[in-house]
Amino acid sequence: MTGQSTVLAAEVPFPPKVEDFYLPSILPWGEHNSYWFTKITALLWISIAIIIIFFLVSYRKPALVPTKKQWIAESIYGFVRNNIAVDMLGKRGINFAPYLTTLFVFILLMNFWAIVPFAQISPNSHIAFPAVLAVISYVMFIYIGMKHHGGLKYFKHALIPPAPWFILPLLIPIEFFSTFLVRPFSLAVRLFANMFAGHMLLLVFTLGGFAMLNANVWFAPFSVVSWVMTIALTFLEFLVICLQAYVFTVLTASYVQGALADEH
Amino acid sequence: MITEVLTVAAEAGESDHNPIIPLWQEVVLGLIAFSILCFVLMKFVFPMMEKTFAARVDAIEGGIKRAEAAQAEANQLLEQYKAQLAEARTEAARIRDEARADAEGIRQDILAKAREESDRIIGAGQEQLAAQRESIVRELRSEVGSLAVDLASKIVGESLADEARSRGTVERFINELGPAGSAGGRR
């Protein structure tokens, strides 16, 4: 984005830096250390508004024989409900389907800003949002586990696998580490890093084209290749967007599944 | 991927921002925004969808049930009609048989009556014929007597007149008759 706005300037900032992810604040205008109202938070609110308005409008008057809009809204919910929630959690999955669908739609749209013209950065490339979602998933699966197994019994159930006693000193720390320490970080970082890297890639190829052009006019064909790569990578980015939204939702469902499981 | 992020983070350490340290303002805003989203969607939208799904399943199953009921009713009606039809058929056959039997009886009756009548007529005719024959015979008998007498008398008279040789016979006959012969001759 910054790259494109400075196309005509002689100086193109290259290579892209982490600072390219931290745009100046919108209100107050141009402030560098104010984060309450930036492009990122604006996209956040726009996402929320779009999702809420879409669902409320398309489900204002639900009919047995759905209209096109209602059908689309139902398909989104039905996809997460049947293919993720019910598939992984069985009948109990229906209770979790609303949250999982909300999560899925939210991540999907937040990711999608990465390839929307003029937005072209995903709020999820700031780790704050994936972290919030990961912490919610983390707290949720622990709470569900405790509720299902009865308080601290859940931890006993989760930490002590049915194994010979002499191997337990090895297994318990591993279980603890993988279940209660790594999970929130892996969830958050996976999503954040994908969106961060995607944005970085697009920046590299877009700005790289300009950088080569500025360095030597004879590099123009390479610049064109670079921009064609940008387009190709945008398609790849679209794939990553959908995949990461799906993965985050599936992993959350799988953690809940683990918390609800009665046997190992 | 994590290592990649960490290297990026390490480079970023020189600048103002570290990308894996969340900005607390964004955490707060993200939490608020996501809570609003969850509240609206999970309270007003998805439960409605579940309700619609349930209603749809209900409608379809109800439809199937209704169709089944209609089918059963139709089958029952069909059975009923079939039974009625069979009944009507046997009834018709019975009526036909009866009619046939009746007709036969009537035919026999009529035939018997006709035979009787013809017998009666024939009997009457025969009787009449016999009576007529009797009377004719009676009449004929009397007539034959007189005719014979007439004929005889004619024959006798002729021979008397014509044949002279029979004169002696007649005279002898008259003589034999005597006085009685005169009376008989007048007759």
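Placement of Cβ uses the backbone N, Cα and C atoms for every residue, glycine included.
As given in TrEMBL:
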TRANSMEM  A:36-59  transmembrane segment
TRANSMEM  A:96-115  transmembrane segment
TRANSMEM  A:127-144  transmembrane segment
TRANSMEM  A:165-185  transmembrane segment
TRANSMEM  A:191-213  transmembrane segment
TRANSMEM  A:225-247  transmembrane segment
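The recorded stretches the transmembrane segment (A:96-115) and the transmembrane segment (A:165-185) do not share 3+ CB pairs below 8 A when only pairs 6 or more apart in sequence are counted, and are therefore not in contact. Take the transmembrane segment (A:165-185) and the stretches A:36-59, A:127-144, A:191-213, A:225-247: counting Cβ pairs under 8 Å, A:127-144 has the most.
Only residues 6 or more beyond the boundaries of the transmembrane segment (A:191-213), in the same chain, are considered here, and those with a CB under 8 A from a CB of the stretch are 3-4, 7, 12-16, 20-21, 107, 111, 114, 120-122, 124-127, 130-131, 133-134, 219-220, 222-224, 226-227, 229-230, 233-234, 236-237, 240-241, 244, 248. For the transmembrane segment (A:36-59), the residues of the chain that approach it from at least six positions outside its boundaries are 23-27, 67, 69-70, 72-73, 105-106, 109-110, 113, 119, 121-123, 126, 129, judged by C-beta separation under 8 angstroms.
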